[in-house]
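> Sharing a structure, written as structure tokens. Questions coming.
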């Protein structure tokens, strides 16, 4: 079992530097994946209302806690979920969170994020996008003050969205989650997070699989992996970690889950990091921009 270090959020809460991502994790695969992850040392489980798997993950966690052979308590886990775009706005956010908590069958969540800066079914130019995300943030601040969630944050926000949020928030976000890997190295977003002590959390560290399955050929990535005697996926996860980002790889394969957690026994050199950082200058990775909202 790997020993996973922690980062400390701006409110003093400790969060594991690596967790299990559950995007598109089917209900039938939940128990296998979560049990394998916990056996490999994972304690952070990242989900979302929109993933439609909160309830089965919650049931699996309860089984693990109830099984005394594991010696686990609720406090040992770090459970994260997210508000979907169709539930943006103050009242809708509060209701959605309450329903989420019931599905988890928990008294509190460790982290709750606004999943997307836009609101479903609105035109990109509609000013209600900004109004609704402000309302959602105020709802998160209320939930935080009531102790129903231990940390709050945002996801897929651009530099502009973060600047807007900082202009009115009472509580500075603890976490920003966004896609981050060498072909999508959003340095301006990382910089504003560091300036305001917002913890970066990276998803799609392997570029939705494209950076490791041969769809996008990156010779330097293979060279670095061979040099350190690790996989290319481990290099990409380690790259994120050395940029002070939490990484949340998704897998249902026990062997890969274990390998993904085993990134703390080696260190990329300064030259390795510079070589990988420079990849974003040569090739822009395609993704859905959120700056239109």
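Even glycines carry a Cβ here, placed using N, Cα and C.
These came from TrEMBL, pasted as-is:
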{"type": "DOMAIN", "residues": "18-280", "note": "domain 'NADP-dependent oxidoreductase'"}
{"type": "ACT_SITE", "residues": "51", "note": "active site, proton donor"}
{"type": "SITE", "residues": "82", "note": "site 'Lowers pKa of active site Tyr'"}
{"type": "BINDING", "residues": "115", "note": "substrate binding site"}
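Walk me through the surroundings of each of these features.
Listed in sequence order, the residues of the same chain lying 6 or more apart from residue 51 (active site, proton donor) and placing their CB within less than 8 Å of its CB are 22, 23, 24, 25.
Sequence-distant contacts of residue 82 (site 'Lowers pKa of active site Tyr'), defined by Cβ-Cβ distance under 8 angstroms and a gap of at least six in the same chain, are 47, 48, 49, 50, 112, 113, 114, 115, 155.
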> Mean pLDDT across the domain 'NADP-dependent oxidoreductase' (18-280), rounded to an integer, is what?
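Summing pLDDT over the domain 'NADP-dependent oxidoreductase' (18-280) and dividing by its length gives 96.
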> Please work out the number of neighbouring Cβ atoms within 10 Å of the Cβ of residue 115 (substrate binding site), leaving out its own Cβ.
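I get 22 for this one.
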